[in-house]
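These notes concern the structure reproduced below.
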Amino acid sequence: MSTSTSCPIPGGRDQLPDCYSTTPGGTLYATTPGGTRIIYDRKFLLECKNSPIARTPPCCLPQIPGVTTPPTAPLSKLEELKEQETEEEIPDDAQFEMDI
């Protein structure tokens, strides 16, 4: 005969898990829109992380400098441009001279 044990139902929010699709061992459960159940083992997911395909970006990514492609100008050049802009600002002289 099999023996079973009971455990209390969690009462507070702090006792509930953050994600209902994972287990403490790292197994991930998912379903497709058609209802197919997919089980990903932790070991398999860690192996996929190091595969060459995972390190290759998708082909249709938009070109966003600094996000999907390297920045167009190094930060030092951007800082130089900001310094030039501050030097070219109009001085704070009185706009109108008034005789009192």
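Quick reminder: no glycine exception, Cβ is built from N, Cα and C everywhere.
In Swiss-Prot, the feature region 'Disordered' is placed on 81-100, out of the ranges 41-60, 61-80, 81-100. Secondary structure of the motif 'YXXXXLphi motif' (40-46) per DSSP, as helix, strand and coil residue counts: 5 helix, 1 strand, 1 coil.
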